[in-house]
Each structure stands twice: as C-alpha cells, then as structure tokens.
Amino acid sequence: MITLRKSSANCLSSAVVCLAALFIAILPAKAIIGVAYQMQLGNPSGATVDPNNHNHYLIQRPVEAMDYSDALGEPVWASWDLTTADVGSISRSSSYFPDTNLPPTFYRVTDADYNGVGNINFNRGHMCPSEDRTDTRADNDMLFFMSNIIPQSAANNQGVWGNFEGDCRTLANAGNEILIICGPSGFGTNRIPSGKAVIADYTWKVAVVVPLGAGTALSRITTATRVISLKIPNNNSVSSTWQTYVTKAEQIESDTGFTFFTALPPNLAWVLRSKVDGQTPPTPLISSFSPTSGATNINVVITGTNLDATTNVAFNGVKASFTIDSPTQVTATVPFGATSGHISIATLGGTVISSGSFAVDGSSGIVDLAIVATHTSSFTQGDTGDTYTITITNMGTAATVGIVTVADSLPVGLTATAISGVGWTADLGTLTCTRSDILAAGASYPPLTITVNVSASAPASVTNSATVSGGGDANLANNTASDPTTINNAGGTAPAIASQPQPQTVNVGQSANFSVIASGTAPLGYQWQFNGGAIAGATQSSYTKNGVQLADGGNYSVVISNGVGITNSSNALLTVISGGGGNSTNILAQWNFNITTNTTSPLPSVGSGTSALVGGATATFAGGSTTDTNASNNAWNTTSYPAQGAGNKTRGAQFNVSTVGYQNISLRWDQKLSNAASKYTRLQYSTNGIDFVDFNLITISNTTTAFESKTNDLSGLAGVGNNANFAFRIVSEFESTAINTANANYITSTGSSYATGGTIRFDMMTISGTPIPSATLPSITSQPQSQASVVGNNVTFSVSATGTPLLAYQWKYNSGAIAGATDSSLTLSTITTNQAGNYSVVVSNSAGLVTSSNALLSVYSTAAATVSSITYSGSQAQFNIAGVPGYNYAVQISTNLIDWSSIKTNASPFSITDTNLVGVPCRFYRTVYLP
C-alpha cells in the first residue's frame, strides 16, 4: 500500500507498500481416460459389437471396456486402466442408471431390479469401482450404468474386494499404471429376488502392475512384472484379507474359458498367467524330451512340470528359441552352434537340467556349406561354350552327412549345353548335381562347370543363381549364390516405341486394355509392369486386366527388350471409378458360379479369391438366383452332408478372400435348400484362414422353390479387415446349437425328413468393403502457449492437431520426454520453480510425427506485485506495477483504509498516473491480484 500525505511543502512525506491477499484456484489433474487405454491386454472372451450376440456383447467406453451377457444380466468381465491421474475429488454418483446403450433386444437392468438384495445381504457390486474414476462427473457417472454391476455379497464387496481396490489405488500412487480385469464366475440357478441377474459363485480379479515410463504400458511389461490374481467366494463368509485368495490367472482361465493377455507375446503371456502374487514360483522339472537327437533347426518337445514360467531354454549352454505350449510342455528349436549335451530350462522358479543328453548331429562340430558362383570375362550375344563355375566349401567344424545337392537357375537368354564336375552326379535337364561323399571341415568339393550358349537376343545384363542344400548343413544363410553377368551386344537395333500405351478410365468390374507398338531387331521381348512391378505372365505386346477393382488403379507400363538393348514405355494411368467416392463400398470378390469348369473350387467371377468344399461335401452346378441377370445362370449346389445327428458344423462351403486395403467388410449371398436339407446353417469366419469362429446363424424359412438373400456385416470384428488371410464358411448345424434346444439333429424347413443327399445351393456370393483411407501427417492447428504462474498453482498446456486417427501425443520438458504425458493437454500440479523451462509436444500417427513450438513456463515464488519508480509532483502521482506477467492486478485508492475503489485494472506489468490529487490531503493506494 502506498500512502500519500501532503505536507506544507506539498512533498511526498512517506511511501509504504502493502500486498493484498492472493486467491489461487486449484485445478484438478487431467485424467488418463480414453477407449484405447481400457482393453490394452486384449479381449479374453472374443466379445463382439454384435447386437445378436446376447452372451458376449462388447462395450467400450472411455472409462472401461466390458463383455456384457444379456442372459446373465451382468458383465462377465470388465477391464480398465488405472493411474493416479484418474483419481480426483469428484463425489460418488447419487444414482444408478439403466444402460440405454445396450441393443434394443437386450433387457436393460434397472436399479429397481436390485430392490431386496439387501435382504439377502448382497450389494450392487461395481466391477470398475467408483473410486477409480473420480476425475470428472461424467466419468464417474458412467460407472453407475447397471451394465457395470453384479450381485456381490456384502462381505465380499465391502470387505476383501473394497480393500483390494484401495490397494490398487495405493499402487498407482506409488508410480505405477495398473491394468485391471475382473468379473464373476460359476453361474448356477441362484438369482437376485427380481430374477434379473445371476448370483455368481465367485468373483475374480487380475491386476498387472506396470511401472510408469516411456511408451505404452504393454511395451513396459516383462517377465518380472507383478501380477495379482484373486479368486474370491461370493458369499458372506469371506475374510477381509485379499492375500488369502491369491491364485494363478491360469486358474481363472480354467474357470471361465477366457484367455488373458492375448495382446502380449505368447511366451510372456504364459509367464504372467503362471504367477501367484507373494509366493515363490515352483521349481521346474524336466521329465523327458523328444527326439533325443537331431540336427540344428529341428524342434524338440520338452515335457515336465511347472514349465509355464519358462524364460530361457539352452542346449548345452547355447540359448535356443522356444514356445511355451502348456504348464507341462515347451517346444524348443535346436540353435545354430549347439553341441551335444544337456538341455536346461530356466523359469521364474529356478533352473532345471535334463538328466539325459541331446545328441546334435555332427556333435564334434557343425556343418556349414557355402556356395560361390563365378564366371570369367564377359559373354557376347551369339556365344557358344561360355562357362560358369560353382564351388562348394564346408565352412563348419564337422564333416558332411548324407547327400549334398546343388541346383542352378540360368537366366533368360542362356541355354546350358553341359554340366559336370569330378565326383558329381549331374542332370543337364534340371541343372541339378548331387554327391554323398564326406566333405571334411574346411575343405571344398571339386568345382562344377556349366557350359552355356548365349542367345543372339540375350539382354545386356543377366544374373545366374545357384543353391546348395543337404549334408547336415546347419547354416542356411550362405546357401545361395548370385553371379551378375554382362552380355555384350553383337549388333542390331534396340527397341523403339512407335505407339505408347494410353491412359484410360473404367468402372469397377470392367476390363482395361493396354497395348504398345515397337520396332527393333527381332525377337522383341515384352514385360508389362504395374506401378513399377512386373505383372506375372504379361509378356505380349498387349495386356488386358479383367474384372478391374479399385486396387488396380495406377500406372501401367511395359519394358521392351531385344539382344541390343532395353526400352521403357511411358506410364499409362488407369483410373477406376467405384461410383461412390473414396468411402464407397467395393466388391472384393464375387462368385456367380457361371464358370462351371470346376465343381470343387469354382473361380470367382469378379475379383480374386478361392473357394472349397469343407468336410467331405460334394457339389454340382444347378439353376441360379434371379439376382444374377446373366443369360447363363448357375448356382453352386452342395450336398453329401453328415448323417442325422453327426458332424455338427463340419461340412459346407468355404471362401478365402484377401481384404488387404479394405475395412467394413460385409457378406451377401443367395441361398436355397432342398426339402431334405437342414434349415440351419452357421456363418463362421477366420482371421488366419485356419481357425474359424461362429458368427451369425443362417435360417432358411422359404420353400424349396425360392432363394433367400442373406447379408452379414462383419465390420465390428477385429482382424477381418485389412487381412490377407480372411476366410469364411457356411456349414450345416444342429437345432440344439442353433437355437439352444435339446434336439441335436438337423431340421428341415419343410417338415420333411432330413437326408444326407439334401442340397444347399449358393449363388451371387459377394464380399464387399470400403477402402481404408490413406494416413495423413499430423498438423498442429493450435500451438502450446507460453505462460507464467506462481509456485503451488496448477498449469495446463494444450495443443490442437488434425490428421489421420489415432493421434498420439508425447509432451517434453526441455527436450526430454515426460513419463505418462501422452494426452493432448499437459497439466502440472502444484508447480515449483524447478519446473520452469520450455515445454513442447510431439504429435504422431501412422504417417509420421510433428513437433510443436516451445512454450516457456515462468514460475514465480509469489503473485504479489512490486511497486517501483514512485514520483509525486504535487498534483499527480506516478508509479509502476510489476507482478506475474499476464496476471491481472487492480490499483485501488482510499482515504480511510476502509472504503476502496479501483482506478485501474490491467495485466502486469503496467504504469499508473493519478492526476486527481488537487485538494486531496491524503490518499492510500494498494494493488490487488485478480485471479
């Protein structure tokens, strides 16, 4: 405060500075919340976003993910990520909500449905607890959807379960990210009084404790990571100590049929599943291995006990790659460099050494065959009698065992006339040579000589290649040799293009035709290319692409060659129109079955893919659906289905189609039955082309004279889009598994008797998808801004960016990454002067990354302003105000220190001049920080 009092000399008699009280707002930390965080360890039940899936319906929210069972009236698992930033000061929601986001065919459990559970000493038990999401009102409210609730005994919910929830938050406060999944298990007939939810026999929880650090939580998980798995009886006799109920995640998998940690490498997942928190892992035991001898690179199956925590396998001390198959079996590959000796397995519980020895073939060392291909001088077009030389040397430490084979592959333009070598058995027709005599370590076989004639039109540069195999070779890295060869021109005229290929535009499904006219010394060779890559079999002066798809759009060109030289055509751009823009649906493959040359695996009429009969089914062609407007209209008429009551979901038709580059995959076909066929068929899909998963039930209700159209949307299924190995099949099914009856038989749609000769007819089998948009580099639209604040305050930096999702963020302090700072905003809580400096953020996606400009944080020890340069002239006073830059301050005046009024408000720093002092005997000034 400044006091101005006039003396008789009208001079400034005193100046006293006083600081007003500061009001500092405390802002909550930004929680790490988002859909991408909540199911990082995988989907243990294969739940899907399919409204017809009443047993395993996948729900993904910013605060948790879950698998909801309409049949049980509760989730069968819930999964979420917990850090200290997720816990704030928001109070617990006051209401429970029916989950109106569930499909309309699901029963939506209400709060009132749980009325009366207290009478049986049960609670509304949260899966993801309210206390784990107290960062915002909206986040906490989402946990009060009844889809997050199960019937839980009071002693369980309020005792041991609640105690462990609190300990998980304590672990998060200690600098960890906790990946949690929990649920009920053991479902009988016991339900809550309303009957709307099943009371499970047990509750279970698995918590993976991951120390904070750079990268994703998954990238920081190792075999040393702590895993706490609990299986707790859902009754009121349980104790409050959660350590009483520790178990293996494997046990919970056995109870539920789930598979945990599917997002982790398989061996790491096995180790984590084997852990019992707080207990020493059991000692492993090797009981046997098979085979007991063999060469390097073969697989050895090792059996024993407690092998699910294996971290290392070695053959006589040489580390081997391995796969954990089960708690009692590990499969290891004999490593290069291994010698005969014992097999050792290291687990979290110790190391065990086999009682017997594994004999490595050539146990005194290893065989390492190396091949070298050479020639002398250059070849010339029209030459006869030019030669290549191939030499085989054993670079290893053991002699060869068995037959050694050398195979040569001559380039186009060269013809072999002889192949020979001392001790070799040679086949000129296949350019293959063999021998079985021992080649000692460090020695070489007599060289092979291949005599060739050079065509008059041979290209200017060719490469001969050769391979060696057999002999017990343990190192395959040096088994191939290439010999580039220059061929001199014997005269003539190089190709010259008279008419270039022309660009064109076609619709999806049409044909595109390219041609070129060229001159030069004959013969001319042609090789058409697509976007610079050779097109197999396209070796004529014209090229036709039938059934064009969007993926076929691009540049087409041709390379023309003769014995004199090579000429490249210009590019001809093929533009493919889909009719609906970049997001329109495209046909990836279609079978109209009008190509009737193959009844077992018909070819597609549009696109590419393969078809096959499954499980012994047979087929012919018969009249097709009216959907096909072609004059020749056929359908695939499958038969030879299993006998009544046998072979459920084993026979039918399979289709393999690559979906690479496409998403939102859907299937559409026409289907018709004879009166002796099963009316129930099952659509199954596979993401690897081998293992199939049930999808929708297909029921045919029409008479045998009509086709029915069937459409299935697979867009919500993980792994279906952008997959070279996608496949699906349609197989006949029992009524028992189709609609959950006790009748394990095939049922017809007409009421007649089922027979193996009944037919299921397919037509217009169509697989469609939309192109996956190309990724665009992030672009920062709003940079983080420099700011100043006071010790103890909270400061938030933010950035806005556009680009192809998902955008990832990594904040930096003075160029160093800040652990866990991976959101679009960064909040620093209760700042200190040590946090002053430059802050920036790296924004990235699949296309690349960009870095923001620096934002300077200035930290002041107090918000109090300083007053300087005070002057008084008799009629006016002047002084400067300096506080925290950017903070607002008010300059107030008073004549009695009680009543104050503002004369100026401004952001620091600023100056003030008070000219209204005439006739004023005394005036007080003060500065007040305005938060």
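Placement of Cβ uses the backbone N, Cα and C atoms for every residue, glycine included.
If you look up TrEMBL, you'll see His126 marked as active site, proton acceptor. Cβ-based neighbour count (10 Å, all protein chains) for His126 (active site, proton acceptor) stands at 23.
In the three-state DSSP scheme, Asn157 (Mg(2+) binding site) is classed as helix. For Asn157, the entry in TrEMBL reads Mg(2+) binding site.
What TrEMBL records for 495-575 (among others) is domain 'Ig-like'. Here the domain 'Ig-like' (495-575) has, by DSSP, the following mix of helix, strand and coil residues: 3 helix, 42 strand, 36 coil.
Assigned with DSSP, the residues of the domain 'Ig-like' (778-858) fall into helix, strand and coil as follows: 3 helix, 44 strand, 34 coil. Residues annotated as domain 'Ig-like' in TrEMBL: 778-858 (among others).
Residues or ranges marked as domain 'PKD' by TrEMBL: 778-866.
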Asn157 (Mg(2+) binding site): tally of other CB atoms within 10 A of its CB: 22
Segment confidence, the domain 'PKD' (778-866), expressed as mean pLDDT: 92
Spatial separation of Asn157 (Mg(2+) binding site) from His126 (active site, proton acceptor) - C-alpha basis, Å: 8
